[in-house]
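Structure record follows, encoded as structure tokens.
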């Protein structure tokens, strides 16, 4: 059997391997077996989902698999991914499951898991679960089948946790906030939380129909929110993705700020207050060199990891760091959450606005980014373009052209069949030529796929 787990659980197109109802049933049974190894009858799991049409299918299939092995299932309905991590801990569950493909289109879906501590499962745990899927799992006796129950107040519990992360002496009165929920899991939670804190809320992307998640809106399409900010004269825009674990911020002029600018702001503010653990920020290899230079000038360190918020979190836990994230908008603040939380990060930015009395355009302009270019090349199943001699030669030549004054990063996506080619260099022309040469070689290697 091919490897199921990628960098963020199991993901693919709905009704195609591995994202079929049959496979979800097998995954549920294997996970149930894994967490019932000690034979206890008290094990429970919480399941959340985003707003994709296929979410109902996978919710039922997973529930069937889990209960067939004696697990008791608590169904949260549509909630953000970070809410699942939170409620797994607060409801004393052994496992949390989120059904979502995050920022991907509605035709995709995915399944990701959280352990009893609210953090994503380790690679070792996923490997053991895959082995159980391959070998098959026996169902329990009829009297030992687990129960399934819907939990109606999950989103309200999450809203209360969000509000406790916001300074108690502060309100958002007078702030006009555009919140783009990507027609996803936060379409009710986010506007409600902002309204309860006193903001004037302009909600967009809050009309999910099962097929429009991330469609022309949310963190992958921030221009929609940017246009709304300008049209309404708003102070700031907050763009979430389909499961609300990432955020992109918009200033009052409509300019888009990425995760690097937000992390720079929070690292600076936390360091000034003695709150930044180990005076360091954890980010991935995709974060801009400008961020690294900015932190260095402040006497702070940048710890880089592989791409994926799970690797950021693993490094944070191993090194005792409390702030990390990705340029794409996954922001992890372990003082408040166990995983990337777009809405939590957005609230921390609003707190910075109210405390500093500075506009978003100032707060999101911490450093001048080094020019960066990212291009993707799609490949077909079974192809290994990075092993092609032509591609290796093009990469070596491009690295030589950058002459140690920039960066070249080539990697396969962990969630899609893409080769990502990224370069940074102060000379735009040199950077573009380096990327073009590698992209051309990869495209040739895959036959223009």
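Each Cβ is built from the backbone N, Cα and C atoms, and glycine gets one as well.
Secondary structure at residue 102 (active site, phosphoserine intermediate), taken from DSSP and collapsed to helix, strand or coil, is coil. Summarising the annotation, Swiss-Prot assigns active site, phosphoserine intermediate to 102 and lists sequence analysis as the type of evidence.
Per Swiss-Prot, Mg(2+) binding site is recorded for 102, 241, 243, 245, and the stated evidence type is sequence analysis. In sequence order, 102, 103, 182, 184, 214, 218, 219, 220, 329, 342 constitute the residues six or more apart from residue 241 (Mg(2+) binding site) in its chain with CB-CB distances below 8 Å.
Annotation comment: Swiss-Prot describes 102 as phosphoserine, evidence class sequence analysis.
Annotation for residue 245 (Mg(2+) binding site): spatial neighbours 80, 81, 82, 102, 309, 330, 339, 340, 341, 342, criterion Cβ-Cβ under 8 Å with sequence separation of six or more.
Taken residue by residue with DSSP, residue 241 (Mg(2+) binding site) is part of neither helix nor strand, so it is coil.
Of the chain residues outside the Mg(2+) site list 102, 241, 243, 245, 50, 80, 81, 100, 103, 184, 185, 240, 242, 244, 246, 340, 342 have their Cβ within 8 Å of the site's Cβ mean position. For residue 243 (Mg(2+) binding site), applying a Cβ distance below 8 Å and a minimum sequence separation of six or more within one chain yields 50, 80, 81, 98, 100, 102, 184, 185.
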